[in-house]
Amino acid sequence: MTSLQIIPMGPPGAGKGTQSRRIASKFDLTHIELGEILRSNKDMETPYGTPREYMEQGELVPDPVMNSLAEETISDADGFILDGYPRTQAQLDFLDEITTIDIVLHIDVSEEILVERLTGRRKCDNCGTTYHVEFNRPNTPGECDDCGGSLMQRDDDTPKTIRTRVRKYEKKTAEIIDLYQNRGSLVTIDGEQPPDAVWDDIHTAINAQK
């Protein structure tokens, strides 16, 4: 296999972004963060209005818009790890038409652990690097090790909003997880382990597909 096409799945705070970057580096894959691409294009005009209109209401951006963004980014990549897509049955069906996914990595973490992780999360306002007040502290408090930017807490990283986000995520993605499980392409990873142990399990799962 000359390239891999991987989908990571997991609720907010599962460590999906950190592990995705590590996977991309190790296996020489393009890391596609569709959520970030969408935010960068939130004011683009589409037949359905702008993505901003849906995002500000907390609603999913229409499938045709997401499908178009996904197809455009995937077409430029040989191997990739695709974060943030698919989120609906229609998106999964479209993805099936344009490519074949080798493995879906589902990082599983309990709600209580997610609340603990996310309330302590801090993100660089310049480069986006994520830290934690307990588990991943910067060398200088409040300052990014990589670029010197300021570390900020997201406004929605409170216990109440975190629980709401986790439950919304579970409701939205349960069907997608079940579909990939039934296909035999889903591997569930215990995301409550230390990050290096999570990585070891991910590395083993990916190597089994090569």
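Sequential numbering from 1, following the chain as shown.
Just so it is clear, glycine is given a Cβ too, placed from its N, Cα and C backbone atoms.
What TrEMBL records for the ATP site is G13, A14, G15, K16, G17, T18, R121, T130, Y131, and among Q193, Q209 the residue it adds there is Q193.
Closest to Y131 (ATP binding site) by Cα-Cα distance, out of the binding-site residues R39, P86, C124, C147, R165, is C124.
Within 8 Å of the Cβ centroid of the Zn(2+) site, not counting the listed residues C124, C127, C144, C147, the chain contributes D125, N126, G128, T129, D145, D146, G148, G149. Site extent for ATP: among the recorded binding residues G13, A14, G15, K16, G17, T18, R121, T130, Y131, Q193, the largest C-alpha separation is 18 Å.
Of all Cβ atoms in the protein chains displayed, 25 besides its own lie within 10 Å of the Cβ of P86 (AMP binding site). Candidate binding-site residues: G17, C127, C147. Nearest to G84 (AMP binding site) by Cα distance: G17. Here the CA atom of C127 (Zn(2+) binding site) lies 14 Å from the CA atom of G17 (ATP binding site).
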